[in-house]
There are 4 protein chains.
Amino acid sequence: MSGNSFGKIFTLTTFGESHGPAIGGIVDGCPPGLELCEEDMQVDLDRRKPGTSRYTTARREDDAVKILSGVFEGRTTGTSIGLLIQNTDQRSGDYANIKDRFRPGHADYTYTQKYGSRDYRGGGRSSARETAVRVAAGAIAKKYLKQAHGIEIHGFLSQLGPIKIEQVDYAEINNNPFFCPDVSKLDALDEYMRDLKKQGDSIGAKVTVVATNMPVGLGEPVFDRLDADIAHAMMGINAVKGVEMGDGFGVVEQKGSEHRDPLTPQGFASNHSGGVLGGISSGQDLLVSMALKPTSSISVPGETIDVDGNSIEVVTKGRHDPCVGIRAVPIAEAMLALTLMDHLLRHRAQNTGVNCTTPVIPAQVK
Amino acid sequence: MSGNSFGKIFTLTTFGESHGPAIGGIVDGCPPGLELCEEDMQVDLDRRKPGTSRYTTARREDDAVKILSGVFEGRTTGTSIGLLIQNTDQRSGDYANIKDRFRPGHADYTYTQKYGSRDYRGGGRSSARETAVRVAAGAIAKKYLKQAHGIEIHGFLSQLGPIKIEQVDYAEINNNPFFCPDVSKLDALDEYMRDLKKQGDSIGAKVTVVATNMPVGLGEPVFDRLDADIAHAMMGINAVKGVEMGDGFGVVEQKGSEHRDPLTPQGFASNHSGGVLGGISSGQDLLVSMALKPTSSISVPGETIDVDGNSIEVVTKGRHDPCVGIRAVPIAEAMLALTLMDHLLRHRAQNTGVNCTTPVIPAQVK
Amino acid sequence: MSGNSFGKIFTLTTFGESHGPAIGGIVDGCPPGLELCEEDMQVDLDRRKPGTSRYTTARREDDAVKILSGVFEGRTTGTSIGLLIQNTDQRSGDYANIKDRFRPGHADYTYTQKYGSRDYRGGGRSSARETAVRVAAGAIAKKYLKQAHGIEIHGFLSQLGPIKIEQVDYAEINNNPFFCPDVSKLDALDEYMRDLKKQGDSIGAKVTVVATNMPVGLGEPVFDRLDADIAHAMMGINAVKGVEMGDGFGVVEQKGSEHRDPLTPQGFASNHSGGVLGGISSGQDLLVSMALKPTSSISVPGETIDVDGNSIEVVTKGRHDPCVGIRAVPIAEAMLALTLMDHLLRHRAQNTGVNCTTPVIPAQVK
Amino acid sequence: MSGNSFGKIFTLTTFGESHGPAIGGIVDGCPPGLELCEEDMQVDLDRRKPGTSRYTTARREDDAVKILSGVFEGRTTGTSIGLLIQNTDQRSGDYANIKDRFRPGHADYTYTQKYGSRDYRGGGRSSARETAVRVAAGAIAKKYLKQAHGIEIHGFLSQLGPIKIEQVDYAEINNNPFFCPDVSKLDALDEYMRDLKKQGDSIGAKVTVVATNMPVGLGEPVFDRLDADIAHAMMGINAVKGVEMGDGFGVVEQKGSEHRDPLTPQGFASNHSGGVLGGISSGQDLLVSMALKPTSSISVPGETIDVDGNSIEVVTKGRHDPCVGIRAVPIAEAMLALTLMDHLLRHRAQNTGVNCTTPVIPAQVK
């Protein structure tokens, strides 16, 4: 039972490989009447697309998305939305040399064992190329969430290797190629990345996504809690190895008297929980963080085996990101948007008479 | 669309509140022919059940599970398995005083906002009481996984507040009330918990679950990767605020040359990945960790509001665990077992002809 | 992937065998705030239950349903509703003789082949005993549909063997043991059934279910059309071999000019379609019919084989309905109610802003 | 929750409108290793495509399908298969006149009421144009079923208006434009259709689909019985108003002694059941029939209303089939293939150890 669909009510199903003719997807369950055009998606696709700075892969893809259905006279019709993105800059020849070997840290070995064979060109289906479709679909969700509830989603780099972001200014995020909200760190990031490139190595990163203007009430206990579904969404992004809500792993050393967020007539007095209580959104900002591993495609030689089990050395060529965490920012935003959209519709299905937008108290003490 | 079902092919659906007459569930999709009796489940239920040590709540529940269907002449029939556990030690009177107030750090506020009202007795559906059913169902999955593939699941406490476990001896886990695999830490844990009790406070914890003898090939990219579904399962456990695979958040500061696990003819030379590559199990041990917040039910007074939005002070009475992380160990094992079982059947559905149990190389260098 | 769940948003999952200790189910996704008690379900359970007339099996079951969760202070809470019905009149001894043989027309052979073994006591899971749970759950859906939209569901016997109902008076349905809406046929039915009993044989039947006061807009093309999901629901009832919407198989000989229902400012001028156009409800009455085969458990000797493939003669003892179509009436009502409930919530999830209850025209010309 | 996906394990999700740029779909869950190319699908697409005889619409579409992913070096990889068919012969201008009116017997009224607006060009999403994608996907299923189990699927016209087919010769089906298996009826069909065309009217039809070489054991009680899922699949085809298994509505007047199929050491002695017992395939031929209404797009004037509720007369122009039942034959085959494929994988998921292909007895007495 292949897992190429995301969501239960607002769903995205995707197809496509890194070096096939095209990638694409189908968004099903979008409410009718939403104004939608290709430019709405292109903005985020351009943020994710490769080849835009020296810190990302040199592969050039326009990532121009086409809407094939589900929109009529500028508005969604409520029927399924077909999305298509042509692949234009495949250089499959780059991959002939990995046909018979398993790159360490990649999915080559596991895909081959699972399916009996694999599309070795650029990782085939396991390539992050596929995430472009998620970004396109996520843009639809973002637009609806903004219009229906004022919900906004802000993703940013919160750490790259040893460099930790200290100040968060949403206005700066899109002004630099790192999606860094702290201008005081830009020089350090630039320098670090130059050094890394010289070494031919790669580095891990931490990415944070915040949703503001959240309604109270999203999340479906006991299994499909909002945070559980967010964890599923984020851990499903290539290279993610950890997910946190609010204080995350910091809670291990916290006491109850310290962790629990007091409710006051003016709103919650703190946000250790990250905006979720009992698996349901509290109206506070959703705070989600994730850890992304360093890409395994580096020019530092590594030890591996060929398909017959013989020991060999591998040096990954091809065009790769030295820090996959950077371009993960718009992907993480998209996955959060898709998750919230699905939960908004799930909530509506069961709770028509309950107005989740008029909470007893304001979300947060200002 | 309520979220009371877990899994896509091997599914568990649960019902029941903390202070209702009973809790229970339905396991659907269990392969026929598995020997199964109530004792198989009772072992794990007894590990989770309250009232067994001074470190857990004083509520006494036998947690005696009854099989109502799906088993005939000692073996599963392939039809749905009905499970029932009577509640016997409800003291709902304890909760009359919280009827009109929202306990901070609890789901009281969010349930009320979502559904328009709530069962305030002991948290109702949001109580961890419900997890007893998960433990019962998880025991079925555990038994099958062991018999069909030799897969074993070991959960343990890896940190409690400031106390970090340093040695892991699976044989010790069930010999102490902390599920602690490191005997050298038992005194420190005992002392810490006594102090905590005096303070009337609670503490966070980190729990680790490991699956050994894993087959290669479980996981369904691109969205239902094995690690993504594990993250969903673990973040869906009460009080969990973070989930990690392998090195988890440690990868943020790692380089690619350091993180990627070399493949050798004798097996993988390291296990930074935690047993998953590209969302598919690699045959190495699955390494999963999670952070659990300190329970918010403490006798330290806290600030909150009543249902009319007025400021009040709350002191939680009732019977509670000072560290919910401890009893989460069998729950985390159960959720991992349910996830693996579902993925094993999902894999089989599509890949009958592919034998995921004969990998090219052994799992790990011994 | 066992199929013991029904519905996508409003779901029912069931368990239980004919001769196990109990049957039951879990209703998930019920809107919060609905007044609900056991008596609401008992009315329909009593209509379905065996042993109430000489035309049905002599097995006596109280079919007393217990609500175990999801209802607090008399109203649904929005969480999962656990339902339990004890089996009280099992006579498993009756079935010892069929342990090693496959009754013709029954599921004995197919269950054994599918699962490798079977619970032979009274058909185990394949017995219609399981449908009692559907009737209980259907009563919840019926109540909600009535309160939220005024939708009412009327099931009745429309043909039994050669006897066709000619007049439909809903008020008569529950006044006779045949669920017959045409009092002029009661004597003929009684006489036919007496003769049948003497012969030790059984007979087929046709059952019709009508939903009135339907909103416009229920149904999810292209695959989950309302009529497609109704067909799934009805064909999933034991013994059903055919399902029709509106004119059903009568359309084969109709012309387009005859079949299409004219729209007029006063409503649709006819209802050949049975209330569905393009898979979406039109606001007209839903007209659903189904054919039920004669039960295969009869005392007329039949030819079959034993589990080793040897030819033998079988005479079915035990206690059985000579016309299973009769007791299928409340089951068919329940399945229609469950289907409509699921579709109502599915519609709401996606179409919040669209008011499906204010159609352009009235449903029907009066 | 839009219903544009079919199947639970082997799934098809589709998009596209009659007059949009393209239609397409994603097949997920296909076993890896199946040889597959576009020609495999084109054969069935050519059987369904319009413009091939004077008995179908004059719209000309090549219906050339492109595989965009999921196939590498001529074999399926186990990942999602993207399918695309360009629309080439849209004449949307034909539909400007129906923009403001609801054609009787069509989905115009219900789509508008459900979604608040509609794509009026050729019926938009409600057009049978969308079924081309089902036929393409069905061809993949057909190929796998044939290779893995020898299962073959034969669809044919069994009645058109008053003309009933009497002999079934599978070899004749594709030799005439009616998919008629009885050559003795071809002249009558031709004459009938000519007369109909003169009248500007349309006619209903009955279509039968048979699957041969069935394995025993497919079907997932109690809700997802094989026959229930077949009913869902067939009733989900445009214009279908009734579905039957085996004797179908004929059972209403049958006695149990007549209906039940005797088991003998040489196989079942008859096939009244249509190959399903208790919702599980018996190994006998699957016999499925469906009734298709006459198309409502005819040149005979009809009564309807405009979008403001005013009475108007409508004469449908555009290009339409006088008997949609004819071209439904390859669609019905495709839907049966998709259903069987999904159930084959569902069965495998749970019943690995059970060999459903070695039944106790042969399927049928020869």
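The backbone N, Cα and C atoms fix where each Cβ goes, and this holds for glycine too.
TrEMBL does not curate its annotations; it predicts them automatically.
Remember, predicted model here, so these are calculated numbers, not experimental data.
Listed in TrEMBL for this protein:
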type: BINDING; residues: D:Arg48, D:Arg54; note: NADP(+) binding site
type: BINDING; residues: D:Arg125, D:Ser126, D:Ser127, D:Asn238, D:Ala239, D:Gly278, D:Lys293, D:Pro294, D:Thr295, D:Ser296, D:Ser297, D:Arg319; note: FMN binding site
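On the backbone, the CA of D:Lys293 (FMN binding site) and the CA of D:Arg48 (NADP(+) binding site) stand 18 Å apart. Each of the binding-site residues D:Arg48, D:Arg54, D:Lys293 was assessed for Cβ neighbours inside 10 Å, and the highest tally belongs to D:Lys293.
Contacting chain C by the Cβ rule (under 8 Å between Cβ atoms), the binding-site residues D:Arg48, D:Arg54, D:Arg125, D:Ser127, D:Lys293, D:Thr295 reduce to D:Arg125, D:Lys293, D:Thr295. Look at D:Arg125 (FMN binding site): DSSP puts it in a helix. Neighbour counts were taken as the number of other C-beta atoms within 10 angstroms of each residue's C-beta; across the binding-site residues D:Ser127, D:Thr295, D:Ser297, the minimum falls on D:Ser127. Those binding-site residues from D:Arg125, D:Ser127, D:Thr295, D:Ser297 lying by chain A, with Cβ under 8 Å from one of its Cβ atoms, are D:Arg125.
Taking each of the binding-site residues D:Arg125, D:Ala239 in turn and counting other Cβ atoms within 10 Å of its Cβ gives the largest count for D:Arg125.
D:Thr295 (FMN binding site) sits 16 Å from D:Arg54 (NADP(+) binding site), taking the Cα positions as reference.
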